[in-house]
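Visitor: Mind looking over this structure? Questions follow.
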Amino acid sequence: MAKRTFSSLEIFLIFLLLLMTAITVALLTLLFTTSGISENNKDSSTIQDTSTTQGPLSTQQPPVTHGPSKTTTQGPPVFQNFSGYHIGVGRADCTGQVADIPLMGYAKAGQTARGILTRLYSRAFILAEPDASKRVVFVSIDIGMVSQRVRLEVLRRLQNQYGDLYTQENVVLSGTHTHSGPAGYFQYTIFVLSSEGFSRRTFEFIVDGIVKSIDMAHRNLKPGRIFVNKGNVEGAQINRSPYSYLQNPLSERNRYSANTDKEMLVLKMVDLNGEDLGLISWFAVHPVSMNNTNHLVNSDNVGYVSYMFEQEKNKGELPGQGPFVAAFASSNLGDVSPNILGPHCINTGESCDNFNSFCPIGGSDMCMAAGPGKDMFDSTRIIGDTIYQKAKELYDIASQEILGPLSAAHQWVNMTDVTVQLNSTHTAKTCKPALGHSFAAGTIDGVGGLNFTQGATEGDPFWDSIRDQLLGEPSNETKDCHKPKPILLSTGEMSRPHPWHPEIVDVQIITLGSLVIAAVPGEPTTMSGRRLREAIQKEFETSGRQNMTVVIAGLCNVYTHYIATYEEYQVQRYEAASTIYGPHTLSAYIQLFRGLARAIATDTVANLSRGPEPPFFSQLMLPLTSNQVDRTPENTTFGDVLHPAKPEYQRGEVAEVMFVGANPKNSAENLTDHTFLTVEKYENTSAMWQIVHNDASWDTRFYWHKGSSGQSNVTIEWHIAGTTPLGLYRIRYFGHNRKQNFLQPAVFLPFQGASAPFWVTT
């Protein structure tokens, strides 16, 4: 390739970028702590409680709670002889900060949280053998992915609370992969930067929620039975990289009827009387029905399924309450999209379903896939309902009981240095982490925005030269190892202020009788998941365990981006460019998981090497967004109504109220459960207001509008369903305002606001 010369404009832009980078680095250096982790004088901040009163037709009611506010350890239940397992389920809020923090998933600049659509939950399931000799824990969490820092802290707290009962061996943490949860809970630099710093608030909420849910499941253990069922879900997914999928051998592709895994697996859990306890389901679909224009924290399509199932089973309870727990966990979703109308050029409407996802006008940035609804909220509901209907059908008729011993096997592995035995004569190695140019292109679910293109197998001199000057050129060894990936970021060779990507990762398997759950630390593509499942199953068969069913649990324990097949890797679309350990990543995982399967099947788990323990960094970059004292407009107070509700609404309409607000992140300063809103109905028989919705309800939306000089407004919407009982209603708002006098620690003062009553009529 001829050496590129730069125009005057390009030289000026490079100079400007270098100058901005130098300034940014200087500012970031000032933001790093020298010991431990602090966040804006948090240690000196307090939550101060004050009482408020309401006008006519009111009763004092506390904010809605979503679970116990204090975790306690109780002794283990009394175990008895019976056929089945002891089953414990638990659910706890892990929402965290819903304002002034980026949303985790799309890595789109400016996509920060500005309110809440639904709360985020950790859903825990503990299974124990009748004699308590063995137990396993599976936790599905409404977050983008489980970070290594979160897992290590959860394990530390479980160790302090339960000793060796729950450890890295038998605890699986899996993220649902919603792209609408708060960021900021990571320790590796690339994720810290995309999160705009480490958020102690969000980290603590996630860790606390996970531990609470496990504690609740531990306390709820009771004898029960587990049934399994499987079936295909139609109309909920497409393959977003079909041209990558076509690189896999024809003979392999011919064994499958589709280029996505349509099969859903459902575990039904009941007590010995047949009473429902909970459900875990695995189905491959990206939770990206809510696109990268969204600013409301929510659990996306799979969260909607959990919401629907739990509302059905916990009748009369508010969302987040009730004993039944339903988790819809992630699987091999790497190349699977819920935006089933496929990719189109958003400026011209024509299809861009081509190898590079490229539009004639506007390039890759214009190529986006669309969901089936009139907007992203509607698409989330439609895809979620499609999955829910099938899950409900499978749950209701599940009759195949799971019986047999529980097992668990776990290793920590240095994924940058795995020797893979390709065949009897050839080996290969994994690589130090690196991201390719097509990583920056994004996907048809969320484009990158810098005019990178999927399918790039050559670098771009312009971006490569900027990278070389700012971050250093990748070594020849790393370039050769990752071929044909053109490296954009050689993250495995970047260690300041901390390593940019993990080297030490978890590989883990837990088994329930004939069911194998492979906890994979990333996003396998469709064919990667199929190969991994098949290899694990064959290993069990070879070792004498027949008829094992293998399910892939995705995004477990630590995040390592994507896992593409070797053939998919050659064409370097987004998923392959994001396969950070090189072209033999999948082969390495297959080899490692086969080793775990063999150890379980031959009862030699005790002989497995523990592996090198991952690091836990104590000095992380603080959030770039500063805290600010909240203020109100003249002659108003927090919670005052600025725009009232109408006196009357019909079913199907939207009731809307605007209040004088405060920054919602203030309410995340402590770990007590909280709701930002309630919709309440006046009951004539009791002369009391009854809460019918909270901020975890799908029918409510809470928008925060940030103004200047510490002022802000809040808009609460209630989308009135067609089945809503007629009557008198009101909307209430709960918040905390930050107050700080000169040279004094900040305090956070609770306040409330309420709309005037209004009627829902026919």
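Using N, Cα and C of the backbone, Cβ positions are placed for all residues, glycine too.
Got these off TrEMBL a minute ago, pasting:
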type	residues	note
TRANSMEM	12-32	transmembrane segment
REGION	41-76	region 'Disordered'
BINDING	His177, His286, Glu523, Tyr562	Zn(2+) binding site
ACT_SITE	Ser337	active site, nucleophile
DOMAIN	593-760	domain 'Neutral/alkaline non-lysosomal ceramidase C-terminal'
Visitor: Could you state the CA-to-CA distance between His286 (Zn(2+) binding site) and Ser337 (active site, nucleophile) to the nearest Å?
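Guide: One finds 5 Å between the Cα atoms of these residues.
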Visitor: Report the member of Ser337, Glu523, Tyr562 (the recorded positions) whose C-beta atom has the most other C-beta atoms within 10 angstroms.
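Guide: Sorting the candidates by Cβ neighbours within 10 Å, the top entry is Glu523.
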Visitor: Taking just the CA atoms, what is the gap between His177 (Zn(2+) binding site) and the residue listed as 'active site, nucleophile' in Å?
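Guide: Per the Cα atoms, His177 (Zn(2+) binding site) and the residue listed as 'active site, nucleophile' stand 12 Å apart.
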Visitor: If you average the pLDDT over the domain 'Neutral/alkaline non-lysosomal ceramidase C-terminal' (593-760), what number do you get?
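Guide: Across the domain 'Neutral/alkaline non-lysosomal ceramidase C-terminal' (593-760), the average pLDDT comes out at 95.
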Visitor: Work out how many Å separate Glu523 (Zn(2+) binding site) and Ser337 (active site, nucleophile) at their Cα atoms, rounded off.
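Guide: Cα of Glu523 (Zn(2+) binding site) to Cα of Ser337 (active site, nucleophile) measures 13 Å after rounding.
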Visitor: State the count of C-beta atoms found within 10 angstroms of the C-beta of His177 (Zn(2+) binding site), not counting that atom itself.
Guide: 27
Visitor: Using the Cβ centroid of His177, His286, Glu523, Tyr562 as the reference point for the Zn(2+) site, which residues of the same chain not in that list have Cβ within 8 Å?
Guide: Ser330, Leu333, Gly334, Gly522, Gly554, Leu555
Visitor: Using a 10 Å radius around its CB, how many other CB atoms surround His286 (Zn(2+) binding site)?
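Guide: Here the count is 26.
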Visitor: Quick one: Cα separation, Ser337 (active site, nucleophile) versus Tyr562 (Zn(2+) binding site), in Å?
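Guide: Between the alpha carbons of Ser337 (active site, nucleophile) and Tyr562 (Zn(2+) binding site) there are 14 Å.
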